[in-house]
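> Input: one structure, supplied below.
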Amino acid sequence: MITLTDCSRRFQDKKKVVKAVRDVSLTIEKGEVVGILGENGAGKTTMLRMIASLLEPSQGVITVDGFDTVKQPAEVKQRIGVLFGGETGLYDRMTAKENLQYFGRLYGLNRHEIKARIEDLSKRFGMRDYMNRRVGGFSKGMRQKVAIARALIHDPDIILFDEPTTGLDITSSNIFREFIQQLKREQKTILFSSHIMEEVQALCDSVIMIHSGEVIYRGALESLYESERSEDLNYIFMSKLVRGIS
């Protein structure tokens, strides 16, 4: 379970203090799959980074399975797998297999556990044919698949994805969605931001909408369509579409 209590995060700009996340309080239950919606700069990634113990909140408390993200970061990171948009965390001079072996060791897996996890993940994501090739020569989509496998190498109970299907072709995106459905059946807790409405509808139990750092909606996507925030939802996805074709 993930709990945020009165959480804010401020950044010092050259001329002013920017409040990226504002007074957020919410709870995400075990096994819940939650989509995070919001325009660029709304605070989605900042909130995910705080949950992952990669950023400290300026105020408030965040706990992951009862562990404080500031006071007990090691315990938090052991329970969470993370993938942030544009940041694969991979080493270009190492092969895909070597990258996964390295991160497996960082998480304390033994040799047999690492081998089994790599075999499983490479099969699921169709990566067997290029596991022994250096990541530096991969396409964006291939790198993204290895990065997803890297986030899952230690079989975490909680997974945070920031636009996880960015760079993937349709086939790979569908494989990813099928894998998320399996993780749901395994009662994994998943948070991911996305600008793909079909993806959110297909995978999420509920959604969080963020605007200017504030959580302005938390609940079922179907109810959001009927709420006063439906215009905000249309803005988010239409603005993304316009940027994509301009």
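For all residues, glycine too, the Cβ spot is worked out from N, Cα and C.
Quick paste from Swiss-Prot:
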- G38, E39, N40, G41, A42, G43, K44, T45: ATP binding site (BINDING)
- 2-237: domain 'ABC transporter' (DOMAIN)
> Taking the domain 'ABC transporter' (2-237) alone, what is its mean pLDDT?
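Across the residues of the domain 'ABC transporter' (2-237) the model's pLDDT averages 88 on the 0 to 100 scale.
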> Take the mean position of the Cβ atoms of G38, E39, N40, G41, A42, G43, K44, T45, the recorded ATP site. Which other residues of that chain put their Cβ within 8 Å of it?
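Counting only non-site residues, the set is S193, I210.
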> Would you count the other CB atoms within 10 A of the CB of K44 (ATP binding site), including those on all shown protein chains?
26
> Using all protein chains in view, find how many other C-beta atoms are within 10 Å of the C-beta of N40 (ATP binding site).
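Neighbour count, Cβ to Cβ under the 10 Å cut-off: 11.
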> Sequence gap of 6 or more, C-beta under 8 Å: which same-chain residues meet both conditions with respect to G43 (ATP binding site)?
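The answer is R9, A20, V21, R22, I210, S212, G213, E214.
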> G38, G41: which of these binding-site residues has the sparsest Cβ neighbourhood within 10 Å?
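Least crowded of the binding-site residues G38, G41, by Cβ count within 10 Å, is G41.
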> Far apart in sequence but close in space: which same-chain residues, 6 or more away, have a Cβ under 8 Å from A42 (ATP binding site)?
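In sequence order, the residues whose Cβ lies under 8 Å from that of A42 (ATP binding site) (at least 6 apart) are I210, H211, S212, G213.
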> Go through E39, T45, our binding-site residues, and report the one whose Cβ sees the most other Cβ atoms within 10 Å.
T45
> Translate the DSSP assignment of T45 (ATP binding site) into the three-state scheme.
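The residue in question, T45 (ATP binding site), is helix (DSSP, three-state).
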